[in-house]
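K.L.:
This is the structure I have questions about; it appears just below.
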Amino acid sequence: MTESIKESISHLETVADERGVTDSQEMKEPNVDPNNPQNWSTAAKLCTYLTVCFYTFLGNVNGSNFTVATQAVIKEFHVSQTQAGELVCFNVFLLGLGNVFWVPLMRVVGKRPAYLLSMLSLAMMNVWSSRASSYGELLASRILSGFASAAADATVPAVVSDMIPPQDRGHYLMFFHLALTAGLFIGPLINAYLVQEEDWRWMCYFLAIATAATFVMAIFTVRETTYLQKNAFAPKRKPWQWMSLTVGYNPDASFFRTVSDIVCNVAYPQLLWAAFVIGISVGWNIVVQLTASRTFTAPPYNWPAGSLGLLSLSGFIGSVLAFWLGGRLIDIISTRYTNRQGGPRLPEYRLPAIVIPGVIGPSGILIFGLCIAHQTHWIGAAFGYAMQAFGVAAISNVAVTYSLDCYRPITGEALVVIFTVRNTIGMLLSLYAADWIQRQGPAPVFGEMMAIQVASILLAIPLFILGKRLRAVTSQYGPMKRFQDQVES
């Protein structure tokens, strides 16, 4: 057994030398415990990760479903356009803010029980939404469903950090962002046809059934990725032992200290940059969706709800095209920079990958806005929509991967800041974007949106130049002070 462990360690050191990467946290003292998520089989990792990603997809379908049902809600409950929009904006807000509860809970009880509780709660909230008899009841159920689905948001990159080595994280994180953007783009397509062929309540029926089915599947496929045991000689767990809800329980973790860490993370400039660059990208996507809904259902287009859903396919195509450029390319660029510099792998080496989506995404915003302003053929707007969606997926993945590398010991807490800011921006734009466009017109507004997004992306330049110094400074305060020995130099 001892010889086997020595051989494994020797092999890992050889791999590190071949790559020219130190990645001190993962490579310095390799752990060969078979229960360590980093040592699971590829099949076990994918079963856990893809199930969680599918739940991410459903959580974002839940967040975007009423963007195609505003007219139906106005007609049934006799409410204003603003009130109908609140069904989206407050759900989106709780989808971000809810992480302030779910991440600390996962620190204490582990990820598996929290995911199962979240799935069950989301299914129940959609049953309630489907049976709502008043606007107030529907709004309450929508707020709580946003809170329930938050567990499928900022927590997922932490699962990747638990299972995947640094040189592959960009690629694997792209699965998460593809699931997220699929919820934003495929969700409206599904929901539009449900509203057109049945009514808005069937959107909620569909989500209740799909989430309940995912809950049953997750009981058997989602393993606990929180790793506490440091004994390399521990016996390998049996399949049925992974179904336990106590594998990830950490008696030393504190719910309230984790909440405090989340609040303190606001003082880290790298996280604030990632929060705003992602928030702006996703926020502009919400503006595009709401503008498309108002524009293409009115003259001269007069589209039915189903055709509006088909427009969102262009966004999904854009996000799929971003899969390699926003995923594996990040890892390739990071590895090449590392080899060129002679190691170690620094978080800043991922930032150059933002250049391509940083050009395509803002350009798509401008193209979409100009096509809407001049009421051109829909293909122009669809093309701009796809470019913008490409930017959302790729830019978000670069920023999240960079943040994960900067603050690896507190991944979950760090990402709560990013996703809460992202969804707060989304909520505000859901409420006020229509007035903004009505006051200035689509062409000036979308031009301003492009300029704001470009400015946020350009802030990556000082982070690339000064990132190492900033990380050294931020390791001296806040939650990272407890992990100074784990900060990569």
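Note that Cβ sites are derived from N, Cα and C of the backbone, with glycine treated the same way.
Per TrEMBL, the feature domain 'Major facilitator superfamily (MFS) profile' maps to 48-471. Sequence annotations record features per position, and here TrEMBL assigns transmembrane segment to 84-102, 172-194, 200-222, 271-288, 308-330, 351-376, 382-402, 414-433, 445-466.
Locate each feature and note its surroundings.
P.N.:
Residues 59, 62-64, 66-67, 70-71, 73-74, 114, 118, 138-139, 142-151, 153-155, 259, 262, 286, 290, 415-416, 419-424, 426-428, 430-431, 434 of the same chain lie 6 or more positions beyond the ends of the transmembrane segment (84-102) yet place their CB under 8 Å from a CB of it.
With a threshold of 8 Å between CB atoms, the same-chain residues lying at least 6 positions outside the transmembrane segment (172-194) that come near it are 49-50, 53-54, 56-65, 67-69, 156-157, 160, 163-164, 200, 202-203, 206, 285, 289, 305-306, 308-310, 312-313, 315-316, 319-320, 322-323, 326-328, 389, 392-393, 396-397, 400-401, 404.
Sequence-distant contacts of the transmembrane segment (200-222) (same chain, at least 6 residues past either end, Cβ-Cβ under 8 Å): 47-48, 51-52, 54-55, 58, 61-62, 65-66, 69, 72-73, 76, 111-112, 115-116, 119-120, 122-124, 126-127, 129-131, 190-191, 194, 243.
Remote same-chain partners of the transmembrane segment (271-288), defined as residues 6 or more beyond its termini with a Cβ less than 8 Å from a stretch Cβ, comprise 92, 184, 265, 315, 361, 365, 368, 385, 388-389, 391-392, 395-396, 399-400, 402-403, 406-407, 414, 417-426, 428-430, 433, 437, 449, 452-453, 456-457, 459-460, 463.
Residues of the same chain lying 6 or more positions beyond the ends of the transmembrane segment (308-330) and with a Cβ under 8 Å from any Cβ of it are 68, 170-175, 177-178, 181-182, 184-193, 285, 288-289, 292-293, 296-297, 350, 353, 356-357, 364, 378, 381-383, 385-398, 401.
Sequence-distant contacts of the transmembrane segment (351-376) (same chain, at least 6 residues past either end, Cβ-Cβ under 8 Å): 170, 281, 284, 288, 291-292, 295, 300, 318, 322, 325-326, 329-330, 333-334, 337, 383-395, 398-399, 402, 441-443, 445-447, 449-450, 453-454, 457, 460, 463-464, 467.
Distant neighbours of the transmembrane segment (382-402): 157, 169-170, 173-174, 177-178, 180-181, 184-185, 270, 273-274, 277-278, 281-282, 284-285, 288, 292, 311-312, 314-319, 321-323, 325-327, 330, 347-348, 350-351, 353-354, 356-358, 360-371, 415, 418, 453, 457, 463; these residues of the same chain sit at least 6 beyond its ends, with a Cβ under 8 Å from one of its Cβ atoms.
Long-range neighbours of the transmembrane segment (445-466) within the same chain, counting only residues 6 or more positions beyond its ends whose Cβ lies under 8 Å from a Cβ of the stretch, are 269-270, 273, 276-277, 280-281, 284, 287, 348, 351-352, 354, 358, 361-363, 365-366, 368-370, 372-373, 391, 395, 402, 436-437.
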K.L.:
Using a Cβ cut-off under 8 Å, which residues of the same chain at least 6 positions beyond either end of the transmembrane segment (414-433) come close to it?
P.N.:
82, 85-86, 88-90, 92-97, 99-100, 103, 153-155, 157-158, 262, 265-266, 268, 271-272, 274-276, 278-280, 282-284, 286-287, 290-291, 399-400, 403-404, 406-407
